[in-house]
Amino acid sequence: MMFQENGNGEMGLSGIPLGTKNKYKRMSSQVPDDNDVALHQQQLEDKRNSTRKYVIACAIFASLNNVLLGYDVGVMSGAVIFIKEDLKITEVQVEFLIGILSIVSLLGSLGGGRTSDIIGRKWTMALAAVIFQIGGITMTFAPSYQVLMIGRLLAGIGIGFGVMISPIYIAEISPNLTRGSLTAFPEIFINVGIMLGYVSNYAFSGLSVHISWRVMLAVGVLPSVFIGFALFIIPESPRWLVMQNRIEEARSVLLKTNEDEKEVEERLAEIQQAAGFANSGKYENKPVWRELLFPPPALRWMLITGLGIQCFQQISGIDATVYYSPEIFQATGIEDKKKLLAATVAVGISKTVFILVAIVLIDKVGRKPLLVTSTIGMTVCLFCMGATLSFFEKGPLVIGLGILFVCGNVAFFSIGLGPVCWVLTSEIFPLRVRAQASALGAVANRVCSGIVAMSFLSVSGKITFAGMFFLFSAISSLAIVFVFTIVPETKGKSLEQIEMMFQNEHQSQVKEMELGDIEQLVQNKTGLTN
């Protein structure tokens with residue numbers, strides 16, 4: 001019998017080489033070759049990495065509009081010092097200039113919900129960037145307060161569109177297990193924008209009064225330019241495509257954003273079922289706005305949750321703390337403009353760094369634990385800031401404690417109430433009303449922000465800065481109660497499963513009430529019999 005030598009010098013009895021270089025397998029063998037297994041695992045890992053990078057890229061590009069809001073919040077806190085001196089405006093005009101952006105942005109948010117249902121999520125983001133660019137350029141070259149206000153109105157509308165649509169888009173393209181952290185990207189970019197605004201204030205504060213604030217505002221136009229490039233990279237939302245009956249395009253997007261093809265088909269089926277259910281006779285073809293005005297019980301709970309958390313995010317005073325941080329630090333004893341702006345940079349860094357903590361934890365520990373930690377921490381910091389301003393005289397101690405408690409407040413905000421608010425609002429609403437219900441949430445957010453921003457200086461003039469911080473602390477303590485009693489946990493669930501969770505919870509409550517009524521009736525009858 002002839003034997004054939006293999007690569008290791010060993011021979012098989014059948015004349016077929018043995019060892020690692022053997023190219024042959026028994027046809028009946030059920031054990032796959034180790035090389036094939038390793039190759040398959042490597043291919044899966046490559047696909048997983050490719051998918052993850054693609055989804056992250058989409059989330060980043062979709063979040064660029066939020067840099068605009070953050071930059072405006074940060075830069076106006078310092079730029080208004082120079083605007084006030086250059087254009088000779090009053091303190092009331094300063095409040096109006098700062099607060100009007102939040103009020104006007106609600107028009108963008110209201111229009112953004114309907115617009116995104118018509119032209120799509122992707123092109124709504126593009127429209128937001130264009131409107132903001134026009135407003136930003138108008139503000140940069142404004143020769144007077146009136147023209148500056150026109151630019152501010154346009155910028156506010158653009159920001160309203162962008163802030164409303166980004167979390168929805170990201171939630172609709174993200175895999176279930178990473179949706180929380182990805183949907184928090186817009187909040188990261190708001191914080192990045194705030195920090196860049198503070199840095200811009202510090203960097204350009206040495207220019208002349210007439211030029212400095214214009215350069216500060218001009219820099220804010222740059223992020224919106226990159227959104228034009230993003231349109232060639234990011235896809236349309238698969239859920240919007242299904243609503244338009246473009247099923248194959250939706251499948252193509254899901255294949256790019258999900259690792260498992262089986263999961264893609266399951267997700268597509270869920271979306272089609274949700275879209276078909278939304279368009280069925282269950283809703284009796286009612287317009288979305290009427291359904292939002294007169295919601296069924298499950299949707300009413302969703303609206304209370306979504307709008308409530310958006311309001312608490314702002315009425316606890318975060319925008320006032322950021323917008324007026326120079327004035328707050330001035331109240332602690334810092335007088336030099338350069339030092340004031342340097343202190344605000346510390347606020348921006350704290351706000352940005354701690355948002356990264358939320359990104360890491362939101363899909364691991366869940367939404368609710370982060371909200372509880374955040375609201376408790378904010379309440380403590382706000383109360384301590386009020387106590388510091390009340391019981392100590394201006395000086396190094398008050399300056400140090402003031403910076404500590406303001407930075408602590410924004411840090412706790414960033415690990416919970418800041419990002420989780422937008423994540424929840426983008427998750428909890430049914431597909432049929434998601435865009436417009438989320439727009440209502442954004443409107444509630446912007447209205448509350450505007451009211452607080454436009455009244456902070458006036459009210460603090462009546463009750464002092466310490467009184468304002470005690471007031472914000474009381475509101476933040478109410479937010480703790482709201483989170484404990486109203487907000488559900490949505491970690492790890494698909495958007496369609498979250499909708500069913502609200503439906504099932506309502507049905508279980510109804511059954512419990514009915515069961516309680518029956519038990520009461522039985523007890524009454526028993527009492528009568530006895």
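Including glycine, each Cβ sits where the backbone N, Cα and C put it.
Where the annotation comes from TrEMBL, it is an automatic prediction and has not been curated.
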Ranges 183-203, 288-308: which does TrEMBL label transmembrane segment?
183-203
Folded-back contacts onto the transmembrane segment (94-111), same chain, C-beta under 8 angstroms, at least six residues removed:
69, 72, 76, 80, 83-84, 128, 131, 145, 148-149, 152-153, 155-164, 319, 323, 439-440, 442-443, 446-447, 449-458
Taking the transmembrane segment (398-425) as the first stretch and the transmembrane segment (123-141) as the second, find out whether 3 or more Cβ pairs fall under 8 Å, excluding pairs closer than 6 in sequence.
no
One stretch in 123-141, 153-171, 340-362, 369-392, 463-487 has more Cβ pairs under 8 Å to the transmembrane segment (215-234) than the rest, namely 123-141
Counting Cβ pairs closer than 8 Å to the transmembrane segment (369-392), the top stretch among 153-171, 340-362, 463-487 is 463-487
